[in-house]
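For reference, the structure discussed in these notes is given below.
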Amino acid sequence: MANYFNTLNLRQQLAQLGKCRFMGRDEFADGASYLQGKKVVIVGCGAQGLNQGLNMRDSGLDISYALRKEAIAEKRASWRKATENGFKVGTYEELIPQADLVVNLTPDKQHSDVVRTVQPLMKDGAALGYSHGFNIVEVGEQIRKDITVVMVAPKCPGTEVREEYKRGFGVPTLIAVHPENDPKGEGMAIAKAWAAATGGHRAGVLESSFVAEVKSDLMGEQTILCGMLQAGSLLCFDKLVEEGTDPAYAEKLIQFGWETITEALKQGGITLMMDRLSNPAKLRAYALSEQLKEIMAPLFQKHMDDIISGEFSSGMMADWANDDKKLLTWREETGKTAFETAPQYEGKIGEQEYFDKGVLMIAMVKAGVELAFETMVDSGIIEESAYYESLHELPLIANTIARKRLYEMNVVISDTAEYGNYLFSYACVPLLKPFMAELQPGDLGKAIPEGAVDNAQLRDVNEAIRSHAIEQVGKKLRGYMTDMKRIAVAG
């Protein structure tokens, strides 16, 4: 099979990359009614599978889970989760033939096997759903022409999808219809009903394309969301210890620092995050971020280029075929780093201390978010999509590091994200070492002293921060999320 994106001509590629429309709330006036009375069968009962299913059932839909025979016979975790939550569970052969909508929520690397197994069992005119378009776009999976193919992609981990729904809210969501598979013209109605059933319409829905979702999702997770946090954690920890900081304190400053500073990012964008600093520290963080952007721009561009061309996907799929040799090696090496093995600090670090002593970390966040956003937009991805795949998801990933360091982040994210994270961080760490060697006192681990600042310089820096395109689109999109739960700041 050929990479679907690479079979398109340039005009088609640009059209699909640039497909992005913020949908009005009135477009979801019918809620999930289009799927009411129809049978929805979910394949896979991981975090997205279970939590989307719970939301959809609570929205009045008929939900069941199709699992492999061995998973049922051996009562594996997927079977236990589905049955303990009161869902009907059966084999593919028992449930798929009656399904009006089959939702494939298995890991990316299983998609081809799953889809090739369920396709022959699906009835004529049924629909197939995804929450990530990798199988369609990068693998180039061919789906029967009578089958409608749709996507509903919540921009949060599965647990967050459920928690926000229980609060009567939801999480921002991308929806799409595969243009090669919409024989009855009902794909958008199915996708809208599915999104409404998960609660996504309450937080904002973007009508996108499979191509735009995949290319932007891969870019975000490889660079700012995971790769930058991993590279930054390793570099900052080593720098602190090298300068005599207690390893336990250094570890805590970094582990919980990302979460604390990105909570400000979530509530008020880069502007609020930078406003948490004193004026001298803000000027220094801005200067550091500009240096970082200049150094890292070629690396961000390379990742985007490799994602657009399919080079990244072909390399990762080759590793799948080689039993994940590279992935597992990188995972093991990460687990042995000094940051991951450092002792725990029993003392308390105050919230403002994370900002005052983490000027470099704030600069890394600013540089990474802006670079990821700019690189995506330069490649034809619309600003709203680029925002969700860079700034919006960052606090959620930072929260995983706060739980159990990089180990937890790499466990929670997909194998696809983890593989891309290692590619980026293994290139970024040596790239930034000369920069790290030139840091000044107060950049990391010590507060920058209060002092006089030049009013004109401060005015210009504030204007530069607030006028960046990601701040403009972010302000608009956050307006739809005013009811979002505040991620608890770790202490």
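Using N, Cα and C of the backbone, Cβ positions are placed for all residues, glycine too.
Listed features, source Swiss-Prot:
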| type | residues | note |
| --- | --- | --- |
| ACT_SITE | H132 | active site |
| BINDING | C45, G46, A47, Q48, R68, R76, S78, D108, K109, Q110, G158 | NADP(+) binding site |
| BINDING | D217, E389, E393 | Mg(2+) 2 binding site |
| BINDING | D217, E221 | Mg(2+) 1 binding site |
| BINDING | S414 | substrate binding site |
| DOMAIN | 15-208 | domain 'KARI N-terminal Rossmann' |
| DOMAIN | 209-344 | domain 'KARI C-terminal knotted 1' |
| DOMAIN | 345-484 | domain 'KARI C-terminal knotted 2' |
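Taking the C-alpha atom of G158 (NADP(+) binding site) as reference, the shortest distance to any of the binding-site residues E221, E389, E393 belongs to E393.
For the binding site of NADP(+), formed by C45, G46, A47, Q48, R68, R76, S78, D108, K109, Q110, G158 according to the record, the largest Cα to Cα distance is 21 Å, rounded to a whole number. Distance from the CA of S414 (substrate binding site) to the CA of C45 (NADP(+) binding site) is 14 Å. Counting other CB atoms no more than 10 Å from each candidate's CB, the recorded positions R68, K109, H132 peak at H132. Close to the residue listed as 'active site', meaning Cα to Cα within 10 A, are the following binding-site residues out of A47, D217, E389, E393: D217. The CA atom of E221 (Mg(2+) 1 binding site) is located 7 Å away from the CA atom of E389 (Mg(2+) 2 binding site). Looking only at the binding-site residues D217, E389, E393, S414, the one with its C-alpha closest to A47 (NADP(+) binding site) is S414. Counting residue by residue with DSSP, the domain 'KARI C-terminal knotted 1' (209-344) contains 119 helix, 0 strand, 17 coil.
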